[in-house]
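Here is what TrEMBL says about this protein:
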type     : residues : note
REGION   : 1-33     : region 'Disordered'
TRANSMEM : 50-70    : transmembrane segment
DOMAIN   : 61-328   : domain 'G-protein coupled receptors family 1 profile'
TRANSMEM : 82-107   : transmembrane segment
TRANSMEM : 119-138  : transmembrane segment
TRANSMEM : 158-177  : transmembrane segment
TRANSMEM : 215-237  : transmembrane segment
TRANSMEM : 268-292  : transmembrane segment
TRANSMEM : 304-331  : transmembrane segment
Amino acid sequence: MDDGFLSPLPPGASEGPLGSNSTEEPGWWPGSEDDGETVHLAVRCVMTSVYMLIITVGLLGNVTLVKIFVTNSAMRSVPNIFISSLAAGDLLLLVTCVPVDAFRYFSEEWVFGEAACKLIPVIQLTSVGVSVFTLTALSADRYKAIVNPMDIQTSGAVFWTCLKAVSIWLLSVLLAVPEAVFSQVVAMQGHREHSNITFVNCVPYPLSNQMHPKIHSVMIFLVYFLVPLTIISVYYYHIARTLIKSAHDMPGEVSEHTKRQMETRKRLAKIVLVFVGLFALCWFPNHVLYMYRSFHYHQMDLSLAHLVITLLARVLSFSSSCVNPFALYLLSESFRRHFNSQLRCGR
């Protein structure tokens with residue numbers, strides 16, 4: 001796929017689609033021909049190994065996480081429902097988009113057909129939407145639990161949380177549908193070894209429209225990164241202010257139950273904040289890189305440095321789908337206990 005938000009620079013295409021439906025040399029690896037082949041082989045081996053590790057670790061962690069929350073009724077709390085939804089979104093990305101992305105390092109053209117060209121971007125953006133919108137909902141839940149604790153004590157909390165989680169999925173799919181409208185498989189012209197060739201590529205927007213990639217990259221950054229993280233920051237500002245104020249105003253004699261309740265809420269708020277930090281760390285480089293390419297539409301950067309930055313951004317973005325279970329394992333004693341129990345049962 002050519003230069004889409006979650007698509008790597010395809011072996012066989014320039015950094016951005018050109019208005020003339022042409023591209024430079026399909027061997028996009030830097031250096032001379034021999035050096036390029038060496039780099040190509042190294043990248044192929046390294047990236048395949050890294051992607052296999054991401055898929056394996058991500059599947060193990062997220063499947064175990066979902067299984068724990070589904071099979072243990074005591075774990076079906078409001079935050080855990082949202083965390084399970086996060087894991088489901090990560091699993092969707094791991095079993096569909098990561099393998100397709102990995103295959104791009106072995107093929108110089110798109111081989112998955114028109115349907116996959118339209119479907120894969122929708123799945124990718126749906127997964128990102130589920131992640132960032134669920135994190136926003138989790139932050140709102142922690143805000144209510146700490147700043148307005150009386151608002152969350154309702155008998156139908158689990159039902160309404162499930163409804164919110166489903167709504168987040170529907171919203172994420174709806175926002176991702178335009179990706180299917182604009183993505184298309186096109187034949188592109190290039191050259192290699194002093195001869196002209198034609199290869200098939202999947203492009204995320206019309207090649208003739210120079211404004212589309214700029215608008216697309218900015219909207220993606222705003223909707224799936226900047227705006228949600230700004231909202232989350234506001235929630236956590238009020239959470240921090242409330243915790244600091246309560247620490248000063250708390251009377252000397254406080255029941256053990258109240259202390260445990262406050263500690264539990266603080267610990268959950270910390271877990272959500274770590275999830276948000278990991279999401280921002282993993283996705284920010286990819287957003288920056290996509291906007292850079294979109295605003296340098298006709299320029300190519302075939303340097304080794306740009307290649308390395310591109311690959312690191314790819315690995316980071318997909319790593320976001322496997323880090324949450326590890327963070328939860330380190331920060332949550334109850335999850336760690338259930339996770340260890342699941343591993344022992346699997347032996």
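Any Cβ shown, glycine's included, is placed from N, Cα and C.
Away from its own ends, the transmembrane segment (268-292) comes close to residues 3, 5-6, 79, 86, 128, 131-132, 135, 138-139, 142, 145-146, 217-218, 220-221, 224-225, 229, 232, 236, 239, 309-310, 312-314, 316-317, 319-320, 323-324, 327-328, 331-332 of its chain (Cβ-Cβ under 8 Å, at least six residues beyond either end).
The stretches the transmembrane segment (82-107) and the transmembrane segment (215-237) are not in mutual contact, being linked by fewer than three Cβ pairs under 8 Å (pairs 6 or more apart in sequence). Away from its own ends, the transmembrane segment (158-177) comes close to residues 76-78, 81-82, 84-85, 89, 121-130, 133-134, 137, 141, 223 of its chain (Cβ-Cβ under 8 Å, at least six residues beyond either end).
Sequence-distant contacts of the transmembrane segment (119-138), counting only residues of its own chain at least 6 positions beyond either end whose CB sits under 8 Å from a CB of the stretch, comprise 1, 4-7, 79, 82-83, 85-86, 88-90, 92-93, 96-97, 100, 112, 164-165, 168-169, 171-173, 175-177, 179-180, 183, 202, 204, 220, 224-225, 228-229, 231-232, 272, 275-276, 279, 283, 320-321. For the domain 'G-protein coupled receptors family 1 profile' (61-328), the model's pLDDT averages out at 86. Here the transmembrane segment (304-331) has Cβ contacts under 8 Å with residues 6, 8-9, 29-31, 39, 43, 47, 50-51, 54, 57-58, 61-62, 64-65, 83, 86-87, 90-91, 93-94, 97-98, 101, 127, 131, 267, 270-271, 274-275, 278-279, 281-283, 285-286, 289, 339 of the same chain, all six or more residues outside its ends.
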